[in-house]
Amino acid sequence: MADKGLDLEYHYSPSRWSHRYSPDDVIDAHIKFMEDHTKTAKWCLEVETDICYGKTQNQKIDVYIDKKTNKKGSPIFAYLHGGYWQALSREDSGFLAPPLAQAGATIVTIGHDLAPTASMDEIVLQVKRALAFIFKLAKERQSSGIYLCGHSAGAHLAAMMLMSEFEEDDAFDCELIKGAVLISGIYDLRPLVTTYVNEPLKLTREDAWRFSPSNFINEIARMSQSREVILAVAEYDPPEYRRQTGEMEKSLRDKGVKTKYYDIPDTDHFNIVEKLHNANYTLTQVKYSSYY
Ligand SMILES: N[C@@H](CC(=O)c1ccccc1NC=O)C(=O)O
């Protein structure tokens, strides 16, 4: 291989950095983990699936609660899945619900259409629409607030939501967003433009910057002064992901946002989020102490 330092394909392929499995096997294992543990979550929790917030196939959310612990006023934990905006789904994202639900939260997994069916413009718009829908849900349930969580491309989408202005309608109250947990995210999309990731997305360099949260630090910071923004990255995430997470955290902290930074030892891009399935995992515990 030529100079790996310049090989963006390699640096933006998290599967090639896992210390547990081969690239293909780590992705297969990730999908199997999510499918199996989402099945278990659907067994042990009360679930309402396929709630439509828009007209197309994937503009749907699933809601998980534990009837014994969920009360009026409970916080909402809204999750955006990863998969480089072109893979995975909300339907297999319930794996993280059990410990959060048992602690009293309402877990919402957010679906959206994928590239190439949907453009990045459309995906961001759909997630915004989903959030407006969740604001209404939060008001109905007198929820104490919404915490946005995203993994990988989902962390990018969650970060984009931190700067979104919603319409001046009582139901669209972005103060309901109390914080975010951004896990192994990507915040500057420009390096992706020349890689395989961009094949279905077809972003120009200008588009990539227009959809980069790192281009909107002032806006995110202005809207997030009373939010808590947690950024987490895996020890075995690609160095580019580690760099982007570190830079994003520092930029937001420098602008007065209350941030927390977690560098999770002995994890890779995939099990850093899978482990939310465990009640005693660092990132599961963080949310308990700062949010509930
Ligand atoms: N082709 C990518 C796959 C990938 O990046 C990915 C897979 C599952 C969940 C999140 C991912 N990354 C960003 O959204 C890789 O080689 O790792």
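Each residue, glycine too, has its Cβ placed from N, Cα and C.
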- Item | Per TrEMBL record, range annotated motif 'HGGXW' [choices 81-85, 201-205, 281-285] | 81-85
- Cβ neighbour count (10 Å, all chains) around Asp237 (active site) is 27
- Item | Cβ neighbours of Ser152 (active site, nucleophile) where a neighbour is any other Cβ within 10 Å | 26
- Item | Tertiary contacts of the motif 'HGGXW' (81-85) (same chain, 6+ residues out, Cβ under 8 Å) | 92-93, 109-110, 114-115, 120, 123, 150-155, 157, 184, 197, 201, 273
- When DSSP states are grouped into helix, strand and coil, how many residues of the domain 'BD-FAE-like' (61-168) land in each? 42 helix, 21 strand, 45 coil
- Inter-residue Cα distance where the pair is His269 (active site) and Ser152 (active site, nucleophile), in Å: 8
- Task: Express the predicted model's confidence over the domain 'BD-FAE-like' (61-168) as a mean pLDDT, rounded to an integer.
- Result: 96
